[in-house]
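I have placed the structure first, in the form of structure tokens, so that the comments after it can refer back to it.
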Amino acid sequence: MKAVLLLCLLLCGGTVLATPKADAVRVDKSARTLQLIAEGKPFATFDVVFGANPDGHKQQEGDERTPEGRYTLDYKKADSGYYKAIHVSYPNAADVANARSRGVDPGGLIMIHGQRNGWGWWSWLTQRFDWTNGCIAVDDASMETIWQAVEPGTPIEILP
């Protein structure tokens, strides 16, 4: 009987434990959450932190804000300085035009990422305050789930 159970677990385990694929991601800055969405319904929610100046839409490089609006998660970076990273397509054309009209650089390299490499065990502390330069940070276990669920091209909406 144990052999049959073990065989079933080996054959079905990958299917049972597979992470669903997200067709959208929603970040709510005021609730400090990131949701993975499939068919219009959230199937996973994670706690997030932002840049040191989280209120408002990102205006320029160095303002330590996280952008607000609709973007695309356009590529994954496994060799990041953080535990995996997924790039947010900020700045879009409107962000560039807004920054240009004020004579500033809009910034960029906004990512969803885990903890700084080698520091994942500190997430019990680092996920209690805003510490990024405008990125969206999660603990490493959450990042692993997000990484498995999100493919390049997935839309992301970042709400105030």
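Cβ atoms are placed via backbone N, Cα and C, with glycine included.
These come from TrEMBL:
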- His113: active site, proton donor/acceptor (ACT_SITE)
- Cys135: active site, nucleophile (ACT_SITE)
- 23-159: domain 'L,D-TPase catalytic' (DOMAIN)
- 1-18: signal peptide (SIGNAL)
Practice task
Express the distance between the Cα positions of Cys135 (active site, nucleophile) and His113 (active site, proton donor/acceptor) as a whole number of Å.
Solution key: 7
Exercise for the section: Could you break down the residues of the domain 'L,D-TPase catalytic' (23-159) into DSSP helix, strand and coil, giving a count for each? Expected result: 26 helix, 47 strand, 64 coil
